[in-house]
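> I am attaching a structure below and will ask some questions about it afterwards.
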Amino acid sequence: MSKQFAVIGMGRVGASLVRTLDALGHDVLGIDREEDRIQDLSDELPGIHLVAANAAEAEVLRNLGLEQFDGAAVVIGESIQDSVLVTLILKDLGLPMVFSRANNDLHARVLDRIGADHVIQPEKEFGEFLARQMSLPGIQDYLELGNDEALIEIEVPEEWVGKSLADLSLHRKKDLTVLAIKGKDKGGTLPQPNTALEQGTILVIGGPKKELDHFDPNAV
């Protein structure tokens with residue numbers, strides 16, 4: 001179902017976001033205070049509604065009808081003050097879902113306290129993900145779930161090929177659970193204890209973050 005989203009801040013992150021939301025079939029409004037930036041992006045993103053306006057003014061967002069939108073993303077990179085103010089205005093307008101980008105941990109805490117539904121730190125999160133990929137080759141994805149729990153998607157390690165989940169005893173040894181097995185066709189199946197693991201397939205593993213952060217296939 002198509003939804004209506006606003007993206008405030010049309011730097012590289014914002015431009016990528018509106019492009020992707022549009023490709024997914026949603027109605028997108030992009031807002032930035034820099035007219036030159038909006039003009040340049042208008043040529044790159046034909047068909048997407050882009051507006052040069054100061055989103056830090058409540059009346060501007062109200063006149064654009066944002067209180068009727070399904071959600072918004074505040075990805076202003078230059079001004080922490082504007083980021084906080086726009087987030088606060090959007091929540092006051094009653095938007096049910098506001099994603100806000102933070103430049104640092106203090107900024108993130110402020111955004112969380114004023115009511116941002118989701119706070120994202122792209123640079124920090126990318127750095128953490130890259131570090132995990134470097135320390136654990138084969139990792140495809142990593143998701144923190146809260147309460148010190150996490151999920152990873154990882155290609156079956158060479159040491160595990162031909163073994164079954166029963167052989168590995170991940171739950172008993174590491175308190176880890178294999179939740180799904182993705183085949184080479186990307187289709188997922190529920191794991192069976194005696195299924196032999198194949199090279200090139202992906203395991204979805206959940207459990208304590210401390211175990212997944214120091215996951216070593218050779219130690220199983």
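From the backbone N, Cα and C atoms, a Cβ is placed for every residue, glycine too.
Take a look at what TrEMBL says about it:
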DOMAIN    2-120  domain 'RCK N-terminal'
DOMAIN    140-220  domain 'RCK C-terminal'
> Averaged over the domain 'RCK C-terminal' (140-220), what pLDDT does the prediction give?
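Mean per-residue confidence for the domain 'RCK C-terminal' (140-220): 87 out of 100.
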> Looking only at the domain 'RCK C-terminal' (140-220), what are its DSSP counts of helix, strand and coil residues?
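Looking at the domain 'RCK C-terminal' (140-220) with DSSP, the answer is 20 helix, 31 strand, 30 coil.
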> So how many of the residues in the domain 'RCK N-terminal' (2-120) end up helix, strand or coil by DSSP?
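The composition, in the requested order, is 53 helix, 26 strand, 40 coil.
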